[in-house]
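Enquirer: Following this message is one structure expressed as structure tokens.
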Amino acid sequence: MTDVQCEPALAGRKPKWADADIAELVDERTGRLDPRIYTDEALYEQELERIFGRSWLLMGHETQIPKAGDFMTNYMGEDPVMVVRQKNGEIRVFLNQCRHRGMRICRADGGNAKSFTCSYHGWAYDTGGNLVSVPFEEQAFPGLRKEDWGPLQARVETYKGLIFANWDADAPDLDTYLGEAKFYMDHMLDRTEAGTEAIPGIQKWVIPCNWKFAAEQFCSDMYHAGTTSHLSGILAGLPDGVDLSELAPPTEGIQYRATWGGHGSGFYIGDPNLLLAIMGPKVTEYWTQGPAAEKASERLGSTERGQQLMAQHMTIFPTCSFLPGINTIRAWHPRGPNEIEVWAFTVVDADAPEEMKEEYRQQTLRTFSAGGVFEQDDGENWVEIQQVLRGHKARSRPFNAEMGLGQTDSDNPDYPGTISYVYSEEAARGLYTQWVRMMTSPDWAALDATRPAVSESTHT
């Protein structure tokens, strides 16, 4: 027996958007965004299929499931999945759905198991997702081919400890998908030969906003950090003896837009005072001076990359975001067009002193967590925007995303990709351009045809 694809019922759903109409929602040339991309239910349904159904999505960190049988549950879009370490050390990701009536195979957040049994009718699966036992099989299901009734398996690949999964067999491998973005990810993931480890625990909370607001901010928006958005958190975190006048936003920095793919990042260069106000003196000293920082400079190829990049933000399209230096990593799981579920954890250098690991844990809880002082600022802004967009007139005029238009460098000797000033929306335009590409391309062959005919940078 072979699987048959079942089309979802369309009753009560709005008709799909035509590709030509989707293409008009984002104007990269002028930096205009149609607000309906954040609210339209039909667009969201197409996102689940065309973006979340064929992008590489963050599943977690390898150290969260170190032993055979270790597992954690997660999501790919709105599809629940299981992430399981196998006996041979590999990791499998499969749909957390029993093939009998669609119940979750596993309802726990994580743990260690030798098998998984559906709580509805007792169908049992091994840690690889293979159906191994069916109650009353001989009497009730004579001739059942159990090998045909395992859950849908995803592709799994890792990059320096981070686990990613993809439903699409035709998607490029993870290394190709990340491209030059790996250069910027390494500022957090490759500071030491020991790599990174995840601090135990995942924080989860809900924000009533569209996923693209969160992804875009971490991709492109240092602008809000340099104005008034986080002023209260900065004031609350000022170390003793430091005056606010000493913490004027740095003026030197860059923003990175992926040549292709929608990834983006940005950071200040040189001035550590903003990091000091966010993470305190212990983390700032660890990041900027001493043996660990010097080792990072050697591995990353320059003192600037190892010790002088501050307050970096980054998004791997579509929904994997992180803040090197602060070291929070999160996935923005969509829950309809008007809500996200945030899953966040913290990584540290695996060979960092235990007291530094504890300092990172405490500081990320204070700053970027469900109750973090900076997290609250961001969430409040996104929620308020989403509420305003309930109005008809509020959705009737385009948003302005033209900051930094025409002010880019695609041949920077130190940093790969398209480079602009730190206060820019170049990376945001890249994210939304990739959104249009994926929403209007029928398959990965069509997507690959949109790649620029240039070789990838050789920066290391």
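Any Cβ shown, glycine's included, is placed from N, Cα and C.
Here Swiss-Prot flags C98, H100, C118, H121 as [2Fe-2S] cluster binding site, drawing on experimental evidence. Residues or ranges marked as substrate binding site by Swiss-Prot on the basis of experimental evidence: Q217, F218, C219, S220, D221, M222, Y223, H224, A225, G226, T227, T228, S229, H230. Under the heading Fe cation binding site, Swiss-Prot lists H224, H230, D378. Per Swiss-Prot, domain 'Rieske' is recorded for 56-165.
Tell me about the setting of these features in this model.
Expert: In this structure, C98 ([2Fe-2S] cluster binding site) belongs to neither helix nor strand by DSSP; it is coil. When Cβ atoms from all protein chains are considered, those within 10 Å of C98 ([2Fe-2S] cluster binding site) total 24, not counting its own.
Mapped onto three states, the DSSP output places Y223 (substrate binding site) in coil.
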Enquirer: Identify all same-chain residues not among C98, H100, C118, H121 whose C-beta atom falls within 8 angstroms of the centroid of the [2Fe-2S] cluster site's C-beta atoms; report them in sequence order.
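Expert: Not counting the recorded site residues, we get R99, R101, M103, I105, Y120, G122, W123.
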Enquirer: What's the CA-CA gap between D378 (Fe cation binding site) and Q217 (substrate binding site) in angstrom, rounded?
Expert: 9
Enquirer: List, in sequence order, the same-chain residues at least six positions removed whose CB sits under 8 Å from that of D221 (substrate binding site)?
Expert: H313, E425, A428
Enquirer: Taking the Cα atoms as reference points, how far is H121 ([2Fe-2S] cluster binding site) from Y223 (substrate binding site) in Å?
Expert: 53
